[in-house]
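Q: I am attaching a structure below and will ask some questions about it afterwards.
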Amino acid sequence: MTNPLNSTAANRSNQPSSDGISDGQITNEEAESLINKKNCSGHKLKEVTDSDTFSDNGKDDSDTKKRFHYHQDQRRMSLTSIVAVESPSSSNAPSRKTIDLGHGSDLIYIQRFLPFQQSWTFFDYLDKHIPWTRPTIRVFGRSCLQPRDTCYVASSGLTALVYSGYRPTSYSWDDFPPLKEILDAIYKVLPGSRFNSLLLNRYKGASDYVAWHADDEKIYGPTPEIASVSFGCERDFVLKKKKDEESSQGKTGDSGPAKKRLKRSSREDQQSLTLKHGSLLVMRGYTQRDWIHSVPKRAKAEGTRINLTFRLVL
């Protein structure tokens, strides 16, 4: 039987992309920025190695170990030295950033958690094989269509997940083996952590979003650890500190559009991260008790983003 991960990787690597950019070498920072921009526009990258080396002047460039390039008609442009972390378990472990939110709450962000091309392989698999649904939910007593696709995977025997009047169908981990590979990679960078459920979300464009909320359901306990892996188009992830009365009463705050509500918060009471393709964000401690978070609408986010949030149901 053909491995769906291998086949999707082959399809992606063989697809040309039109970029409208002239030939020439650019810096690593410019290359990464360009990659993120093109990913959000639905463009795909092809990975090349030493045997495919070339440059503007037509001379062999044997010093380049690994590059990504775009095709536009017969022109080629190389993005030099874009080398992803080989493996979360390698001796050259991916660098991480810790953000202390205060009062026992913190975040961990690993931008290059998974290798670049492998992340696209996972993206293709998830986009095509997950049974996505866009359910009707209830917000402030009104029924509306959830502004993103979703799916739920969990171990057997767990308390059912219910949010906004919606109870998703629970699929088995065995239904989607690549999810176990991603979970194993998380365990390698978060030793001692444990997760038994997964909520998947797919944002298909600029109008898809998630409003202000906290993942403070009782089934997760008072200090849940939530590991969030992102694939595809990068999107902003915004946190806002709850009001004192909201935090003490366990309320999740208002559910209004994140972009509008954000303007009412002070800079000290908010955090914003741009979650990259293949990145890992971990929320820990009392983050769900004291903070709410959102993924706002973004006019320039034309591509699809898939996000996996691993959780532990007690």
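Here the Cβ of each residue, glycine as well, is placed from N, Cα and C on the backbone.
These came from Swiss-Prot, pasted as-is:
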BINDING   Asn201, Arg202, Tyr203, Arg305, Ile306, Asn307, Leu308, Thr309, Phe310, Arg311  2-oxoglutarate binding site
BINDING   His213, Asp215, His293  Fe cation binding site
COMPBIAS  57-75  compositional bias 'Basic and acidic residues'
REGION    1-75  region 'Disordered'
REGION    242-271  region 'Disordered'
Q: Which state, by DSSP, holds Tyr203 (2-oxoglutarate binding site): helix, strand or coil?
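A: Once the DSSP labels are grouped into three classes, Tyr203 (2-oxoglutarate binding site) ends up as strand.
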Q: Would you count the other CB atoms within 10 A of the CB of His213 (Fe cation binding site), including those on all shown protein chains?
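A: Around the Cβ of His213 (Fe cation binding site), 17 other Cβ atoms lie within 10 Å.
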Q: According to DSSP, does Asp215 (Fe cation binding site) sit in a helix, a strand, or coil?
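A: DSSP call for Asp215 (Fe cation binding site): coil, neither helix nor strand.
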Q: Where does Ile306 (2-oxoglutarate binding site) sit by DSSP, helix, strand or coil?
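A: DSSP call for Ile306 (2-oxoglutarate binding site): strand.
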Q: Write down the Cα-Cα distance for Asp215 (Fe cation binding site) and Asn201 (2-oxoglutarate binding site), rounded and given in Å.
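A: Pair distance, Cα basis, whole Å: 14 Å.
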Q: Please report the number of other Cβ atoms within 10 Å of the Cβ of Leu308 (2-oxoglutarate binding site).
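A: I get 23 for this one.
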Q: Which residues does Tyr203 (2-oxoglutarate binding site) neighbour through Cβ under 8 Å, counting only same-chain ones at least six apart?
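A: When sequence neighbours closer than 6 are ignored, Tyr203 (2-oxoglutarate binding site) has Arg148, Tyr209, Cys233, Arg235, Val295, Ala301, Thr304, Arg305, Ile306, Asn307 within Cβ distance under 8 Å.
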Q: What is the total of other Cβ atoms whose distance to the Cβ of Asp215 (Fe cation binding site) is within 10 Å?
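A: Within a 10 Å radius of the Cβ of Asp215 (Fe cation binding site) lie 17 other Cβ atoms.
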Q: What is the separation, in Å, between the Cα atoms of Phe310 (2-oxoglutarate binding site) and Asp215 (Fe cation binding site)?
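A: Asp215 (Fe cation binding site) has its Cα 12 Å from the Cα of Phe310 (2-oxoglutarate binding site).
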Q: Grab the 2-oxoglutarate binding residues from the record (Asn201, Arg202, Tyr203, Arg305, Ile306, Asn307, Leu308, Thr309, Phe310, Arg311) and give me their largest CA-CA distance in Å.
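A: Taking every pair among Asn201, Arg202, Tyr203, Arg305, Ile306, Asn307, Leu308, Thr309, Phe310, Arg311, the longest Cα gap is 20 Å.
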Q: Name the residues of the same chain, 6+ apart in sequence, whose Cβ is under 8 Å from the Cβ of His293 (Fe cation binding site)?
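A: Spatial neighbours, sequence-distant, of His293 (Fe cation binding site): Trp212, His213, Ala214, Phe237, Val238, Leu239, Lys240, Met283.
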Q: Out of these binding-site residues, Asn201, Ile306, Phe310, which one has the fewest other C-beta atoms within 10 Å of its own C-beta?
A: Asn201
Q: Look up His293 (Fe cation binding site) in the DSSP assignment and reduce it to helix, strand or coil.
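A: Looking at the DSSP assignment, His293 (Fe cation binding site) belongs to a strand.
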